Each structure stands twice: as C-alpha cells, then as structure tokens.
Amino acid sequence: MENSHFSSSSMERVNFRTKVISKHLNQENPTFNYSLLQSFPCLSYNPPEFSEPFSVFDIKEMRKLLDGYNLQERDWLFGLMLQSNLFNTKVRGGKVFVCPDYDQSKEQQREITMRRIGYLMQNGVFERWLTGKGPEDELRKFDFVDVVGIFDHSLKIKLGVHFFLWGGAIKFFGTQRHHDKWLRDTENYVVKGCFAMTELGHGSNVRGIETVTTYDSSTREFVINTPCESAQKYWIGGAANHATHTVVFSQLHIDGKNQGVHAFIAQIRDENGNICPNIRIADCGHKIGLNGVDNGRIWFDNVRVPRENLLNSVADVSPNGKYLTAIKDPDQRFAAFMAPLTSGRVTIAVSATYSAKIGLATALRYSLTRRAFSVTPNGPEVLILDYPSHQRRLLPLLAKTYAMSFASNYLKKIYVKRTPEMNKVIHVISSAFKATASWHNMRTLQECREACGGQGLKTENRVGQLKGEFDVQSTFEGDNNVLMQQVSKALLGEYVTAKRSKKPFKGLGLEHMNNSRPVVPSQLKSSAMRQSQFQNDIFCLRERDLLERFAAEVSLCQSQGKSKEYAFTLNYQLAEDLGRAFSDRAVLHTFLEAEATVTSGPLKDILGLVRSMYVLVTLEEDVAFLRYGYLSTDNAAVVRKEVANLCSELRPHALSLVSSFGIPDAFLGPIAFNWVEVNVWSSEQN
C-alpha cells in the first residue's frame, strides 16, 4: 500500500516540483493554475447582521449611555480622520480601514504622529483645550482624546503629554503670568511641551527624586542640575525629538534647606530644534509599543532659568531668595503639587476601556462568522460563539467593559466639575479606576487575541498589537499595585477618623459602613443573585470586612512598636484585596446610577443582565469571597453555574452590545468583517 501511495500522489508532487524548478532555472515565470482553487467549494462569509437576532433594545440609546457626552463631535472627528491619507487608509475586503503604520521604523512613526497632530490642529480640533472655560470645554477635550486614542495610542499619548501634562502643569501649578505667557502658544503648538518628572532612580516615589535646583539671588535665576546618573530624567515623552520646553520637577534647595519637590519651566530646544546649551538629551530607544512617542532622557548641567519660571501656585521665592508659601506642612504642600496630576489617570481609565472595546468588537464579530467542528456526525460546522466555552471567554469581559464604561463616564464627570474639596475623592477614585481598567484591558486583549486564533497575530487586525501599545498603562501615571495601596491607605484614614470622632462615615461611597452588616443568604438562588440589592450587599460586605481587617492588623502592628508605614508594608495583601473591593463596589454604583437614568424597558432588561454578569463573574473570579467566607463553597458553585446561564442569555445580544460601542467599522480590524475576502489571492496582488 505504501509503495502504491507513493507512486501516485507523491510522484505527482515530485513531478510538479520538478517542473517549477525547471522553469525557475530557465528563468521562466511559472503560472498558477487557478482551477485547482476553483474546483473546491470555499467557505462563504455571511455578515452577522444577516443571521443574528434583531436587536431588542435601541442601539443608539445604548451608545448614548456608554459614550455619555459629545456624540456628534466624536463622529465628526472620526470622519475628519477618515478624510486624510495621513491616517493610513486602506481598502481590505471591499471596506476602508484606518490603522497606524506599525511596520514603519520608530523614527517614521514619530514623524507621522507629529504630522497627524498638525492636521488635527489645522482643522480646529484643539481649540479651547487650554484656554477654554468650564466643564463643557474640558469634557469636549476628554472626548476628543478618546476618539484619537481609538485610532492610535501613540497619538493620544503624544497629545496627552503636551496638553494634559505640560499644559496641565502650567495651568494648575502656574499663576496668571504663566497662563498669559504659555497657554495659547501651547494650544497652537508654537511651544511643544514635555513633562520631566520620572527619573532613572525614581518613578512612583516622586518625593525621592534627585534633581536639585538652587536659587542665585545675584542674577535672580534658578539653577537646575542633574547631580548623578540616577537623577537623569527618564521616559520623558516628547523629549527625544520634538519638545522645545519642559516642566522640570526638582528638589528646591534654599539657603541649604531642602523645601521639597517643586516645578520649573526650562527650554530644552530652540525654534530650529537645536538642543539648548547645558542640556543633554538621549533617546530611550525602541519599545514594545508606543513607538510614535519619542521618549527621551534629559540631563541638566547647571541650567539657568528666570525666577519667573518657578510654577508658583503652591510656593514662591522672592527676588532676594526668601521662600514663601501659605502651606507650611511639607506633606500637604507635596499633596497640593500632586493633586492636579489626576487628569492622566482619568484619561488612562477611559482609553483602556475603549481599547477593550476594540478588542471585544473585533473578536466577537469574528466569532459570529467563524465556524469550527460539528456537534453531529457529518453535520455543519458550528459558529464558535455558539460554543459555551467561547461564550465564557468573551461575554463576561464584555460585561466588565460595560461596567468600566459607566465608571469612566462618572470619573470624567466628577473631574471636570471638581472643587478643591473634591481633590482627595478624585485622587482615590481615579487611582482605583485607572488600575482596574488598565488591568482589565490587558486581560481582555489577551483573551481576544487568543479567541481570534492566528488572525489575532496580524497587526492589521489590531487586537494583538494593542497589547503592546497599552501594556505601559499598568505602570505609568502610577504603578497599579502602588495605586491600589494608596486607595487602601485613604480608606484606612477615613475609617480611623470616623471611629475616633464617633461620627458617621461620609464620602468615598463608605456610607454603607453606617448601616448594619449585610447578610448573604445561606443558599443562593438565581432570582436573588440577579437582584441589585444582593449584588450591592455582597460587594459592600467584602469592602467593609476587609477594611475592618486591615485596620485591625495595622493597629496590631503599631501596638507592637512598628511604624504605620511598616505596618502598611507588612499587610500589603490585605491592602490589595481592599483596593479591589473598593474599586469593584464603586464601579457597581456607577453602573446602578447609569441604569437609573434609563426609562426604556428593553434597555433596562439587557442592562440588568449585563450588570448581573459583571457582579457574578467578579464573585466567581476573586478568591477573596471564598478566602474570607463571604461565599460558602456551595454558593460559589451556584454562582459559577449562574455565570454560564448568563452567558447563554447574553449570547443573542452579543452583536447588538458591541455595535452599541459606536466605534466606526473603519477603526476595527478587517477580521471583524469579511475575513475571507480580505485573504483571497487577488487582494494580495492588489
């Protein structure tokens, strides 16, 4: 049999290869026999819109709920980008797509990013981003950044460094003289700014930075110096190629006394792009993502800047060298410097959520047209989203993404309407939501990449590439683990204050601590698990119990002579559990608030399913519910089964739920649509 088989099919292959090699050696062009392909039936693509159930809820209304603000302006900006070849428009499978050109060198990516910024500026996108007044202008800025980030994270970060970090520092740390001199020129890109805070030796611990600034009263200048290699400014976006100016964070020494971290304006390049005297700049090099951002390193060799370049809203230095501040406590002074930086965490939480939406919209659309295996002998292949295991991979992440959308909208709303009294609340919530959303995004993108199989590896399909582009979010603007510990410390502070003063808890959503301890039923049933009351109770129970445990452990350590800081360090596991508990409960509250605004029955019904999925999958996945006894093992098993039930109930709504994201087709990957047509031979030739 083996010889017979070889003499037929194997010999045919040998003859075919011989002919190809012969033609190659004779410099002939081999012709491809298309009939070999045409003689076999090809898998046909059917758009999911033709086969999926008709939406039972209004997709446009759902999008309003998810995006929250400025829908028309968002769509205008989407269209503006589609009109220009600067955004790398390509036709794939009969549809137009835009996708950043990741196959280019970092130098090319940096250059095209700046050209795109120029195009957006010429079309009025940045109007009033810094000179505007009121929450409406600020919300418009946030929403435009969302749209830009859907196209390319590098473009979003490049704008974020210039407007939110450099521009925000001028606006919040500076006073009127700085606003008059710098804000409009920043808005018009006459000045290109960067933000020099992070150093080689210090990232999260800003108080430990080593750059030193002294004051020379004879010339009325500040002198900025990098005293050692670990003090070099590191990962400074914009520094390597384009920035003309920077805000330098430095220890301010006056008369030999260190007054702590302060911020100064320094010019690092002239109008022709030449590096200024006494400034050294080096490139941070190629990265796993964000190569459209020119991260650089900066050294200051006794750089002199005018006295007026101190950003003096918190503290000032008189012409004769006297240190002046209304905030005498160094800790409070440092906190005042850090407070305005929450805008970065706000934009990260939002952009991480939109990144997850891109991944889910692409992976779920693909799973609604891709088939694999059959469940009956000789039966048709089955859509992969009809497999319960595939539903379990993607639909809980879809529910969590909805929850993070409502959380992000809430965060934007309280940020643009902030008052000085709200600074602490915004710091805590933005820290929690930034960590939660960015962790969720990375997990979602990984699952979506795997759910797309080999197609998920292709850059043009976006999902895999987004992992590298967004990975940085877990550590910049505050390492997620550190941020979660800050959240727990803030909660502990509220707890101690309430207990000492014997006053009710007020703020940070901790009012539930004033009520009696929630009780979880000994035997959970489906109807109870889907009730918002139960969902709120069990989230509040976890947060309450962990806060009490954390407070007790820290108190015990202190009673044994350990410092409060060391007590925090020893109890980091409880702190991390508590941070997650706070974030999950706060996210749930934003979900419930969004639901409360809905009057449509079908919309309310589907939101109830999505919310239940968000809560129950959190109960299933966070081991704290079992570890601390909030769920019995029997109830945990019931929760797991209910998650599977919710998957099957959400399955018919999958297309409608991702369509409600409002992301134009052109900003998804081709795999989300006719992936057969995208990969045909003729498309390769074109």
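Our numbering is plain: 1 for the first residue shown, then up by one each step along the chain.
For all residues, glycine too, the Cβ spot is worked out from N, Cα and C.
Annotated features, as they stand in TrEMBL:
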type	residues	note
DOMAIN	194-303	domain 'Acyl-CoA oxidase/dehydrogenase middle'
BINDING	Thr198, Gly237	FAD binding site
DOMAIN	341-492	domain 'Acyl-CoA oxidase C-alpha1'
ACT_SITE	Glu477	active site, proton acceptor
DOMAIN	539-669	domain 'Acyl-CoA oxidase C-terminal'
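Structure coloured by features recorded in TrEMBL.
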residue: Thr198; record: FAD binding site; Cβ contacts under 8 Å, 6 or more apart: Lys233, Tyr234, Trp235, Ile236
residue: Gly237; record: FAD binding site; Cβ contacts under 8 Å, 6 or more apart: Ile157, Lys158, Val161, Leu165, Cys194, Phe195, Val293, Asp294, Asn295
residue: Glu477; record: active site, proton acceptor; Cβ contacts under 8 Å, 6 or more apart: Leu341, Gly344, Arg345, Ile348, Lys434
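Each residue of the domain 'Acyl-CoA oxidase/dehydrogenase middle' (194-303) gets a DSSP state, and the totals for helix, strand and coil are 6 helix, 54 strand, 50 coil. With DSSP states grouped into helix (H, G, I), strand (E, B) and coil, the domain 'Acyl-CoA oxidase C-terminal' (539-669) comes out at 108 helix, 0 strand, 23 coil.
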